[in-house]
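Chemist: Feature annotation from TrEMBL assigns domain 'Calponin-homology (CH)' to 40-144, 153-259. Per TrEMBL, coiled coil is recorded for 274-301, 439-522, 673-707. For 755-790, 791-826, the entry in TrEMBL reads domain 'EF-hand'.
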């Protein structure tokens, strides 16, 4: 590849060396310059050499002695090959204008340390061919040959040594000079084949075909190496000694074309390395975005399900909801916990790699930051906790509702059974045709009914209270309960009204009646309350109950035992009431009274009393059995509580201990980072092995929930406490391992020794006064001062922007390590990548697709082509790409 002499060539060769060399050149057969053959070769070669550079400025020369006479193209040539600006040329066409322009060019040549001998501006303006060729040769020596250096030899000797070394392995090639050694063309073909074996099949070349060899070299160089044809094969072959200056000029083009190959390869390797790092980082970024999107989408779908607080109408449906929630906690959520932890680890690893490769920090898409995921997760757990509490509350409520609904039905049925026929009885007018005794009997009977009615007032109030509570608890069938309760209350009001009317009527006729059987009256008065007592006892013995502890069931058993203690006294009352009936029979037999067989004061008979007494006696042992069964169930629940508490009281402290052990390991400096990693891995394995104990506790917790046990006085730990602690333990061990891995990665990448790392850790631990793995700004300042830093306010503020870019107010150990190693780290920079691309682009400000594909591997070349923008500079050409903005974008220095 032919390149112009680079702008930034260092002109550090001594002036004396240049002057000596130029003096030597003056001694080279000056008379031979008059040889027509040599003059022809020099004219053609120097013209082609000048045009190879002038075409970069969009122009060329046809006649070397004529086209440089006005000095304009001569000045342009010097600007192109030097990369520098010459003084502004004179625009006139007079002779003195031309002389002035040529003098400006000659002054520039002299300024570069070149001594011009016998070459004046007038000879050039006058078109002196010998002087013009001498001047061009001087330019070629200074800008194309002088800077050639091989093993401390320079210029002609350096170029000759380079040619000898490159052609040494080739047969029939022995380069000893710059004239006859090149006549057969094999030396030129060997140079091309040595660097581009794909262009020439050297094995097919013949020494006896010099013209064919030379033309092959000229054509290949012009077509593939961008070296113009500067010589004619016939002139070289037919001249006894080809012109040395023409040969040197042409061969120097090959040196410049191939000397940059190794440099281009190095530049390409650097670019490939940078691009490989960038591609790997982009892959990690894409994986983070994908995992973050999936986790956030799962949280978005899950939260509405947990926020659904629509209660079911039955216990079975609510239990299914509770079972679904258990499946969520045990099956669906744990993998997501692992994904969240892995996401944080991936993010930290990516940021560490970006810092180590001098890349900008990764900023995820909006809403996908680690903090955004943490906030979404926090919202999920808040909704989750509320959902479980709601489920348990609803189950308790439904349990209470079912109990109240059944109790309402039982009491309502008993009351409706009692009131059945009462309205008809109170509406009778039987007293109108009754005798006085019968009226008194009716009066006494009515009084007994009033007593009975008053006794049932409590039952009606209980029914109304239960109905009200069912409404307050939002019972699903509250409408039918309200309807039945209203009917009972309306009927009760009607009974009260009818009772008062009948009493009024009986009192009006009571004065007309005088006699009443006192025994019947006494029987009625004693039988009625005793009957009510038996009704109440029957109701109590059949009453349903719900308890949640041994103490509550013991309280019911105690009350039942107290009830049984009253049975002997009740039995005496029963015998007394039956004795009244016996007395009536005795009096009737004694005085021959014919009894109607019906007590006029009550509907109760001694058979009713006996029957209800038998019912009470049968219900007592049944009640005993029911209470004992409930006692056994509560004792079983108590065993479940104790079993759960025994495990929880072990697991809770174990988790806390492990958390503390991990914290101690993370700040331990007695061993290497690898030792810390091994300890952490052992702890991680121990934690994984301990998972079976958590699962066993989950099983016991499920048994407790299935038994509807909602409290446990034997432990302060709940299953939720254990779950949260376990999840925190898993997250802590994973994060700690990741932090140590990043420290190892930082240590290896930055070249930090273990002793330095321990010293950093010891300094950090000393000033970490809160022992939370972070330093506040004052402690960090004290730490830096203790390590020899001389800090002013401005310098310390600059350092804080490096270690705490987000202004959190604390300095982590990783940020501390990054700061301590950042100043000495050797990393790639955007400027280095730009310089590498500039080499591949032959010093142009842009690069083409063909050059990228020729110099870079296919994958990296296509990567650059797809991401580089079009070059828009003034010197742009079709297909030009902007490698400067692309290089800056790799390091976050542009918006590309």
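From the backbone N, Cα and C atoms, a Cβ is placed for every residue, glycine too.
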Chemist: Where does the mean pLDDT land for the coiled coil (439-522)?
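Modeler: Here the mean pLDDT over the coiled coil (439-522) amounts to 79.
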Chemist: Six or more residues out from either end of the coiled coil (673-707), which same-chain residues have a Cβ under 8 Å from its Cβ atoms?
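Modeler: Same-chain residues near the coiled coil (673-707) but 6 or more away: 322, 326, 330, 636-637, 640-641, 643-644, 647-648, 650-651, 654, 658, 661-662, 665-666, 719, 722, 726, 729-730, 733-734, 736-737, 740-741, 743-744, 747, 754, 757.
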Chemist: Looking only at the domain 'EF-hand' (791-826), how are its residues distributed among DSSP helix, strand and coil?
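Modeler: With helix first, then strand, then coil, the domain 'EF-hand' (791-826) has 21 helix, 2 strand, 13 coil.
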Chemist: So which residues does the domain 'EF-hand' (755-790) touch in its own chain, when a touch means Cβ under 8 Å and the partner is 6 or more beyond its ends?
Modeler: 666-667, 669, 673, 743, 747, 796, 799-800, 803-804, 809-813, 816-817, 820
